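Trainee: Mind looking over this structure? Questions follow.
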């Protein structure tokens with residue numbers, strides 16, 4: 001066997017399945033104590049022998065169907081009666097919408113009772129005698145298989161598929177190329193990335209505006225221990241592209257005692273201990289929103305990446321791969337403003353980020 | 001014969017209306033042949049066979065309620081200022097998608113109920129598929145001839161997850177928007193083409209104005225369309241293969257024992273649809289799900305704490321949360337392993353369970369058809385693998401909710417993350433070993449029961465003072481059930497040197513296969529079931545033990 005390089009290189013008869021069948025006969029001892037006793041005799045239910053019980057079951061089923069009808073009527077009534085904004089207190093669910101509660105319950109009961117009725121009917125009144133059906137192997141009989149192979153060979157031969165290589169190869173070529181048109185059509189799903197992921201809306205001289213008051217920020221607005229969210233001046237919620245821009249421009253500001261700032265560049269880019277960092281997590285882009293004043297750590301609530309704002313926004317825990325980008329800020333005419341754009345792309349990293 | 005039949009028909013006069021309709025249909029669709037094969041088709045009964053039905057019915061419920069929701073939902077990211085009937089949101093800027101979700105909840109009577117039924121049914125659908133899949137796995141129902149149907153089911157599970165994800169993203173609320181942002185980050189992490197894919201999928205920079213309408217098409221048309229096709233194929237194969245059955249008296253590999261489709265199964269299965277629908281309707285009445293009005297519309301610079309995806313995405317979420325933040329810069333290019341590795345492991349873990357049937361049949365060399373289910377204890381290695389897989393899955397669910405575990409049980413988030421990182425590797429190994437032990441222990445117990453009978457709980461004092469417990473012998477049916485399973489012998493490579501002293505080359509794959517086969521059927525992995533001789537020896541000589 002081995003010299004012909006048979007696929008298995010192991011004699012078929014050593015495979016469990018083959019040996020199983022080989023042994024099958026031997027195992028069957030004439031007086032096998034474990035022999036299959038066959039299907040157990042059918043046991044009658046009370047409904048099979050007692051007509052009274054059967055009638056009781058019938059009434060139960062009918063009652064369930066009737067209950068379903070009533071529930072549907074109740075559903076329609078609830079739809080008409082309850083105004084959509086009516087709130088009621090129902091123990092133990094608390095304050096709930098009367099309409100939602102009543103519609104759901106009546107619909108639920110209407111449906112459930114149909115199901116309960118049908119199942120009870122099947123279990124108590126329909127025959128519960130188990131019967132056996134034969135199975136037939138899924139595999140086709142050898143003669144069927146032979147016929148199919150013969151038909152296929154005939155068809156293949158008549159097509160000349162194997163003989164006329166030119167037709168075959170050009171057909172493969174055409175079929176391989178034609179899906180390209182659908183790929184091409186997908187091109188206009190969106191623009192090319194170009195440098196879009198690199199820059200943000202921050203530029204030299206753009207003031208920092210408080211997100212909650214919509215007023216330009218002054219250094220004295222930012223107290224030690226507070227966390228302030230800022231956006232670039234000129235970016236308004238009503239802008240068409242607001243979401244797109246705020247997804248990159250959102251800032252968070254904290255004030256740290258300058259002597260506590262460990263990173264030199266961070267100190268240089270800060271103003272009197274006020275540091276401005278991108279609010280967008282470098283992991284997958286959630287806005288970071290949890291600030292621990294004592295340690296100057298910020299935590300992203302989505303995947304718990306933790307950054308140290310006193311140490312260049314370094315990652316100290318969690319799945320984020322690089323530090324938070326810092327915005328270089330200064331003060332002009334008493335207001336905080338950007339010195340330049342972020343030095344690196346904000347948000348999650350990407351192949352061209354570098 | 002046929003003449004006679006037609007003669008009786010004519011004698012009876014005109015056939016009843018139902019029969020005439022059926023005749024009409026038969027002449028065009030051939031329904032009589034179809035009905036002959038299927039109307040009294042036998043289905044075996046077991047509670048665990050209802051799990052698949054739950055999936056089917058919740059899918060139907062999702063389709064019905066989903067169609068209703070499309071009548072009111074506007075899949076648009078055009079911005080509006082809200083002036084509807086939910087007062088707390090007055091004046092808030094939001095997309096039309098979010099606004100129409102509020103309208104469905106507060107202005108369309110019954111809209112909230114249908115929304116909640118839709119979402120609850122989706123959770124039940126995914127949970128049902130998971131449990132159904134486990135039932136099929138642990139009983140070995142995936143074996144020949146059902147491997148393809150196992151794959152169909154697996155695809156339904158995976159597509160179900162993505163249909164669910166695109167669905168709960170549609171309202172464009174703060175929570176779901178955060179999920180979409182997560183997907184953006186994941187797409188960006190794909191080397192080489194990530195930023196291109198991101199631009200093409202979102203139609204520009206995140207979030208853009210295209211993602212909700214695109215998700216809508218994927219959610220209501222593309223994915224459900226494919227799933228419907230797979231579902232029909234899945235059911236056709238269930239009919240074609242005939243259902244598996246648990247071993248027992250009168251049940252063999254060549255028969256199927258149960259009750260006929262008409263009427264019992266028609267009533268039970270049809271009734272069960274209404275039970276599932278009714279149950280979900282009641283849940284939707286009393287338990288709020290995804291209250292988007294309390295969460296607010298999405299803004300990329302806002303987030304809520306405790307953000308969680310729906311449960312079936314928790315596994316992927318866990319992988320992403322506990323992965324260390326490895327990121328490499330090579331020659332000006334960034335590879336974000338912190339995101340990349342989780343999104344590679346995620347499909348790999350899923351595929352591991354999907355291809356298992358093929359791996360098992362290769363190892364065991366088993367080419368027979370199997371219609372009798374295995375009791376999980378009788379396949380310790382498979383059962384161990386399944387429990388190990390589930391362990392990895394649930395460890396990652398813990399990882400996906402690490403913030404909730406931390407806040408609810410006052411634990412350190414760092415400790416939880418480290419626990420999950422270690423448990424993801426150690427847990428499945430331990431689970432495998434423990435499960436296999438338990439299986440073998442249960443096999444021993446079965447053997448004891450067969451040979452020595454059932455412990456009756458009756459203590460008897462013998463004349464000389466000794467106390468013994470009386471064991472009742474099992475009846476024939478139980479004896480058969482506990483001993484009917486096959487215990488194949490492991491594959492052996494056989495002598496590598498033949499009688500002429502010529503060495504036979506055994507490929508490495510075959511050596512591996514023989515080794516793995518030992519792991520399935522080897523001495524340490526199976527308790528030999530009692531033989532007839534053992535039984536006779538014990539039962540003939542001296543009564544009770």
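Yeah, the Cβs are placed from backbone N, Cα and C, and that goes for glycine too.
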Trainee: Tell me which range among B:6-27, B:94-115, B:182-203 TrEMBL lists as transmembrane segment.
Mentor: B:182-203
Trainee: Do you know which of B:49-73, B:299-323 TrEMBL annotates as transmembrane segment?
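Mentor: Spelled out, TrEMBL records transmembrane segment over residues B:49-73, not the other listed ranges.
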Trainee: Taking the transmembrane segment (B:150-170) as the reference, which of B:182-203, B:215-240, B:337-359, B:379-399, B:411-434 gives the largest number of Cβ pairs under 8 angstroms?
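Mentor: Most Cβ pairs under 8 Å with the transmembrane segment (B:150-170) come from B:215-240.
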Trainee: Apart from its near flanks, which chain residues at least 6 from the ends of the transmembrane segment (B:117-138) lie with a Cβ under 8 angstroms of it?
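Mentor: Same-chain residues near the transmembrane segment (B:117-138) but 6 or more away: 48, 51-52, 54-55, 58-59, 61-62, 65-66, 69, 150, 153-154, 156-157, 160-161, 163-164, 167-168, 276, 280-281, 283-284, 287, 289-290, 310-312, 353, 356, 376, 382-383, 386, 390.
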Trainee: What same-chain residues lie close to the transmembrane segment (B:215-240): Cβ under 8 Å, and 6 or more beyond its ends?
Mentor: 38, 41, 52, 56, 59, 63, 66, 70, 73, 75, 146, 148-149, 152-153, 155-156, 159-160, 162-163, 166-167, 169-170, 180
Trainee: For the domain 'Cytochrome b/b6 N-terminal region profile' (B:21-247), report the average pLDDT of the model, please.
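Mentor: Here the mean pLDDT over the domain 'Cytochrome b/b6 N-terminal region profile' (B:21-247) amounts to 96.
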Trainee: Is the transmembrane segment (B:182-203) packed against any residues at least 6 beyond its ends, judged by a Cβ distance under 8 Å, and which are they?
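Mentor: The answer is 209-211, 214, 320, 333, 335-336, 338-340, 343.
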Trainee: Could you tell me how many residues in the region 'Disordered' (B:486-509) are helical, how many are strand and how many are coil under DSSP?
Mentor: 2 helix, 2 strand, 20 coil
Trainee: Using a Cβ cut-off under 8 Å, which residues of the same chain at least 6 positions beyond either end of the transmembrane segment (B:269-289) come close to it?
Mentor: 50, 53-54, 57-58, 60-61, 113, 116-117, 119-121, 123-124
